[in-house]
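Read the structure below first, then the notes.
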Amino acid sequence: MTNLAIAANGLRKSYGDKVVLDGIDLAVPEATIFSLLGPNGAGKTTTVQILSTLIAADGGTAAVGGHDLARKPDDVRGAIGVTGQYSAVDKLLTGEENLLLMADLKHLSRRDGKRKAAELLERFDLLDAARKPAATYSGGMQRRLDLAMTLVGDPRLIFLDEPTTGLDPRSRRSMWQIVRELVASGVTIFLTTQYLEEADELADRIALLDHGRLIAEGTPEELKRLIPGGHIELTFADTHLLDAARHLLGTGIADPQALTLQVPSDGGVRAIRELLVVLDEHSIDIADLSVHTPDLDDVFLTLTGQHKETTR
Amino acid sequence: MSTLTLAVRDSSTMVRRQLKRLIRYPSMTVQLVVTPAILLLVFVYVLGGTLGNGLGGGGGGRDAYVNYIVPGILLMAAATAATGTAVMVATDMTEGIIARFRTMRIYRASVLTGHVVASVIQQLLGMIVLIVIALVIGFRPNATAIEWLATAGLLTLFAIAITWLSVALGLKSPTPEAASNAPMPLVLLPFLGSGFVPTDSMPTVLRWFAEYQPFTPIMETIRGLLLGTPIGNSAAIALAWCVGLTAVSYLWAKNTFNKA
Ligand SMILES: Nc1ncnc2c1ncn2[C@@H]1O[C@H](COP(=O)(O)OP(=O)(O)OP(=O)(O)O)[C@@H](O)[C@H]1O
Ligand SMILES: [Mg+2]
């Protein structure tokens, strides 16, 4: 069994009467990307704040980076890096000064600090702006500086709270690339997002958070398979074959114009093989085949009974 | 690393952070010298002739008044700076970087120590400028080197005390705007003490307040050190106020910061 970077049990948090987290269990293996996915107000930031020692939970226990959250918060702090939802750079200082400040607080030697800062400025494409105050940076640049600052002490576990919200598609892709590189080097990432596409793209495991409860957890594929709505789309050379297949299978939605037949299916390998065998036995040739697993939007819709309000 | 080394190292990092910020945005520092300097000039040149005659003893007039007003102006400068510090701290607390600091394994209070030390340095530099201006317009202290050192020491203690107080006030303020009002009374205290006129010229209730508020013994001690007027027990009371205020404010600030 692999070690867990985060193991949480029954985390709860309320503000007054409002229950924000209602018993959250989490298990995040080392060197993986775990994504907490949920709409506005689901409790994502609250979860990150608890796990990163910013606020105390009302109930539940957690070990983060192998340290007990309640009893050894300083050891947890030593093991993690946090890039919060809102910019956490010193806007009056330059990008370089911000990085050197982090290096000093991580107690690197002056030389190591300088080297690290130079390396990160280069890696995050901030060399040209290194000597300018962070207040003059664009949103994307501030976001990159923010993450660069988090990386100064080479933390093994990194929290990213909505790292790409508000970024343009290109900046988002480059942020994804950085996240992938980090994981490849053995870092564990705990990432929150309200973008289904992002969780799908990056995460090894996804947990769906809604109104302070985890409503589902698993790999992206597992989650997609949880729900109906998937289908296999077959394309035929002519209407004759299309009709034959339609009769043979006894189910599916035919589109004579496009010469396609949509057969309901979970999209698994087994289902595909069975389908192909049946068609083959009756000598019905197919021109094309594509599998449509439902996307995570469908998952959310099915599990919560309502559309997720994306604020893209 | 031992807790003490950690505390010293992180605090000096935070002091450097704060000094950089002060140097980059000097308007606050300039204002902190300009306001008391204008006050000094107005009091000396507009009111000084008359007020100086009312001091009793000595030559009277404008020259006597320059000598009299300097301690009050110095404390006033520190109090003005304290207002600035409260705003700085309150603004800082709204910045995301503070949340980042809280998730790092650093000596917690270093964030506050950074503000205090940088602000005290800023205040002492401001006071030096004010003393130079005062010397130019006729301030004639007769202090020995030791007395100058003692003056510097007391002013430093006072600056530390009032800065910790304003840090606590800044932390308690819900917004930077609120923080700019909280330390306002401190700026008035030199007036309601022996800063600009001797307390025995005041009505009874005011005089009672003026004699027992902390600024008066501090101003009297500095006046004594620089000009040779009698100090009496003012020095001891002044020290007690500085140390007490620092201790209480420090604990208050630290608690407030840790709770937030
Ligand atoms: N300090 C607080 N006081 C009162 N309520 C709070 C506080 N912080 C969060 N909440 C409430 O807790 C709920 C969850 O907030 P949280 O910030 O964790 O959501 P989120 O999933 O991060 O949302 P978003 O996508 O908008 O960032 C919200 O309803 C919010 O109003
Ligand atoms: Mg959030």
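Cβ coordinates are placed from backbone N, Cα and C, and glycine is handled just like the others.
Keep in mind that TrEMBL annotations are predicted by a computer and have not been checked by a curator.
Annotation source TrEMBL lists domain 'ABC transmembrane type-2' at B:27-260. Here TrEMBL flags B:22-48, B:68-90, B:111-137, B:149-171, B:178-197, B:235-253 as transmembrane segment.
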Which residues of the same chain, at least 6 past either end of the transmembrane segment (B:22-48), have a Cβ under 8 Å from a Cβ in it?
61-62, 65-66, 69, 73-74, 76-77, 80-81, 84, 88, 118, 122-123, 125-126, 129-130, 133-134, 137-138, 196
Does the transmembrane segment (B:68-90) come near the transmembrane segment (B:149-171), with 3+ Cβ pairs under 8 Å (pairs 6 or more apart)?
yes
Six or more residues out from either end of the transmembrane segment (B:149-171), which same-chain residues have a Cβ under 8 Å from its Cβ atoms?
74-75, 78-79, 81-83, 85-90, 93, 112, 115-116, 119-120, 123-124, 127, 143, 179, 182-183, 186, 218, 221-222, 225-226, 235, 238-239, 241-243, 245-246, 249-250, 252-253, 256-257, 260
Long-range Cβ neighbours of the transmembrane segment (B:178-197) (under 8 Å; 6 or more residues past either end):
43, 51, 54, 69, 71-73, 75-76, 79-80, 82-83, 86-87, 89-91, 162, 165-166, 169-170, 172, 206, 209-210, 213-216, 219-220, 223
